[in-house]
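A.B. asks: Can you read through this structure? Questions will come right after.
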Amino acid sequence: MKDIMENIKEELKKSGYKLTIQRKAIIEVFSEQNAVHLSPEEIYDCVRDKYPNIGLATVYRTLQLFEELGILYKLNFDDGCSRYELNTGEEGHQHHHLICLSCGSVQEVNIDLLESLESEIEKTKEFKIVDHNLKFFGYCKDCKDKSQ
Ligand SMILES: [Zn+2]
Ligand SMILES: [Zn+2]
Ligand SMILES: [Zn+2]
């Protein structure tokens, strides 16, 4: 986590921003919560525990800044609220997301497996692929077990 914070500090500095207490607090939420995909409201709730003076508008603004700087990814899971996750800076393509239609949980699949599809598209469409954002909708194990 120390490294992540150092990297983010560098990233901000490069663009002329400082790692303020509020910005730091928002990054800390991502390291302290087990959920890696957080909505602005969830982030706000966590940050407010420690910093009661922070406003929701500040949280929104900070998330937007982090997104512009590539520190966070903004994800849209088609459930009416956007969520954010930390860009870990790992080279390569975005992981895939499994979205439960019953409880709304989001799991990650950290293998790409799209290489053959990607090379087919690059060949037939002459389109250079740099990333993708793949969502699978269905029912998680817990919800599936419960309904049986
Ligand atoms: Zn890929
Ligand atoms: Zn579920
Ligand atoms: Zn994710």
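Cβ from N, Cα, C; glycine included.
In case it's useful when we look at the structure, here is the feature table from TrEMBL:
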BINDING   Cys100, Cys103, Cys140, Cys143  Zn(2+) binding site
BINDING   Glu115, His132  Fe cation binding site
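How buried are the listed features, and what sits near them?
C.D. replies: For the recorded site, Cys143 (Zn(2+) binding site), the DSSP three-state label reads helix. Of all Cβ atoms in the shown protein chains, 16 besides its own fall within 10 Å of the Cβ of Cys143 (Zn(2+) binding site).
Counting every protein chain shown, the number of other Cβ atoms lying within 10 Å of the Cβ of Glu115 (Fe cation binding site) is 9.
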A.B. asks: Of Glu115, His132, Cys143, the binding-site residues listed, which put a C-beta under 6 Å from ligand 2? Please answer none if none do.
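C.D. replies: Only Cys143 meet the Cβ criterion.
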A.B. asks: So for Cys103 (Zn(2+) binding site), how many other CB atoms are inside 10 Å of its CB?
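C.D. replies: Counting Cβ neighbours of Cys103 (Zn(2+) binding site) within 10 Å gives 12.
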A.B. asks: Hey, what's the Cβ neighbour count for Cys100 (Zn(2+) binding site) at 10 Å?
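C.D. replies: Here the count is 18.
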